[in-house]
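Visitor: Below is one structure. I have some questions about it.
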Amino acid sequence: MNTVDKVIETHVGLKLQKLMLLITSVLWLFDAAGVLVLSFTLPSIVQEWGLSVQQSANILSSTFLGMLVGALSVGLIADLFGRKLSNIFYFLFTVVFTGLLGFSKTPSAFLFLRFLAGIGYGGLMPSVNAYLSEFIGKAIRGRYLVLLEASWAIGSIAIGLVAVLTTQHSWRISYWSFFSGIVMLPILFKLSESPKFVFKKHGKKGLENVLGISIQAEIEPLPKSKFSIADILKPPYLTKTVMIWTSWFVVSFVYYVLFSWAPKIFAQQGLSTTKSLWFTFFMMVAQLPGYLSAAYFIERIGRKKSLVIYFIGMAISSILWAFVTSSVQLILTALLLSFFTLGVWGLVYAYTPELYPTPMRGTGNGMAGVIARIAGILAPQFGGYMLSLNKSLLEIFSWLAGLSLLAAVVVVLLAVETKDKEIQ
């Protein structure tokens, strides 16, 4: 008797898998650009509207409050209506409301639209992740999911370049550029549904229809039981959930403290506004090799060892940042922290869907996203609070290093290796 994984490995060709990776990567890069555009435009927005540090922190946190709503809703939508429709719904929220931000006339209007755009950001990532993971066989699944996550770096680099080159004319241009994403809609409607989702809903006949083949052998049925959020907090999933939630919280918290306030941190260390934006842009560029290295190591040494190494790298580079004495040391340390942080991000995105069976994968991904969004809400407030009190960089980055080490320990104690194993 075949498993659905074996059917996918046999009948979903490499050409189709590469096409799915390409299309989902485009969605992912729009998501990344939407989240990070504020890092580049916030200094200009603050200057135009005279915002305080607390008002800036509130706008930053509104993004993640919206992302929390998106993450909470995606499990239900993706598991009930399918990955395809879920992708379209959240992508529309992403590009439309981010584009409308460019027409904001007041801080309150900007905050509200940013919240709505955040719903798109928070729902799109776990939806796309579940969608692609269910098209890919176990042999290359981890690498493809990290490569998907690498498009986050491409999106952040792209919007960073747009912002650096146009913000001097108007910060609004960066937001209007998101309307270009509407051209993706015809492509998204033409895509087929996830084979695993179709098999779960319609059995072997549905799988044959979506793949356009005739399957002779019987396929092992997927569990029919209903799962609730409480089920991922019970054995045998409890330890996996604690581990992956800890990983998500830490990497999200560190990332958004870092990138929400990077221009201000650089300015505090003596850099001009223009130079601060360029340094932030170079940090975005460093994300890409972080992802690509994670894509290599995830299949070379496995998920668990890779996560431990990259979390320790985050801790070391966080501490080093606090002791830099020159611009060269500053940018090198910032690049190093960006490299390891985004490596972890790619690893946890690939790892999360492998920890739960298909009927609860959307919920598992969504709840991991919830934890990340809670961290995202707290991170700008933490950074703004510390900066408003003129806390030393050593104190700020010691917190980040301590959290990174804690995550490394939790992974060592609780993580299970899923390399070369079939998804349940």
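Here the Cβ of each residue, glycine as well, is placed from N, Cα and C on the backbone.
Feature table excerpt (TrEMBL):
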- 20-419: domain 'Major facilitator superfamily (MFS) profile' (DOMAIN)
- 21-42: transmembrane segment (TRANSMEM)
- 62-81: transmembrane segment (TRANSMEM)
- 88-104: transmembrane segment (TRANSMEM)
- 110-132: transmembrane segment (TRANSMEM)
- 144-167: transmembrane segment (TRANSMEM)
- 173-191: transmembrane segment (TRANSMEM)
- 242-262: transmembrane segment (TRANSMEM)
- 277-298: transmembrane segment (TRANSMEM)
- 307-324: transmembrane segment (TRANSMEM)
- 330-352: transmembrane segment (TRANSMEM)
- 364-384: transmembrane segment (TRANSMEM)
- 396-416: transmembrane segment (TRANSMEM)
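Buried or exposed, and what's around them? Tell me for each listed feature.
Guide: Under 8 Å from some Cβ of the transmembrane segment (21-42) lie the Cβ atoms of residues 56, 59-60, 63, 67, 87, 91, 94-95, 98, 114, 117, 120-121, 124-125, 128, 131-132, 144, 147-156, 158-160, 163-164, 167, 171, 174-175, 178, 181, 184, 187-188, 191, 259-260, 262-263, 277, 280-281, 284, all in the same chain and six or more residues away from its ends.
Residues 36, 38-39, 60, 64, 276, 279-280, 283, 307, 311, 314, 318, 334, 337-338, 341-342, 344-345, 348, 351-352, 355, 367-369, 371-376, 378-380, 382-384, 387, 396, 400, 403-404, 406-407, 410-411, 413-415 of the same chain lie 6 or more positions beyond the ends of the transmembrane segment (242-262) yet place their CB under 8 Å from a CB of it.
Within the same chain, residues 36, 39-40, 43, 142-143, 146-147, 149-150, 152-154, 156-157, 160-161, 163-164, 167, 258-259, 262-263, 266, 271, 305-306, 309-310, 330-331, 334-336, 338-347, 350, 419 sit at least 6 positions outside the transmembrane segment (277-298) and bring their C-beta atoms closer than 8 Å to a C-beta of that stretch.
For the transmembrane segment (330-352), the list of distant contacts is 125, 129, 141-143, 145-146, 148-150, 152-153, 244, 247-248, 251, 254-255, 258, 262, 266, 269, 271, 279, 282-284, 286-291, 293-295, 298, 303, 306-307, 310-311, 313-314, 317-318, 320-321, 324, 364-365, 368, 418: same-chain residues at least six beyond its ends, Cβ to Cβ under 8 Å.
Using a Cβ-Cβ cut-off under 8 Å and counting only residues 6 or more beyond its ends in the same chain, the transmembrane segment (396-416) has close neighbours at 239-240, 242-243, 246-247, 250-251, 253-254, 257-258, 303-304, 307-308, 311-312, 314-316, 318-319, 321-322, 355, 382-383, 386-387.
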Visitor: Do we see three or more Cβ pairs under 8 Å linking the transmembrane segment (62-81) and the transmembrane segment (110-132), pairs being at least 6 apart in sequence?
Guide: yes
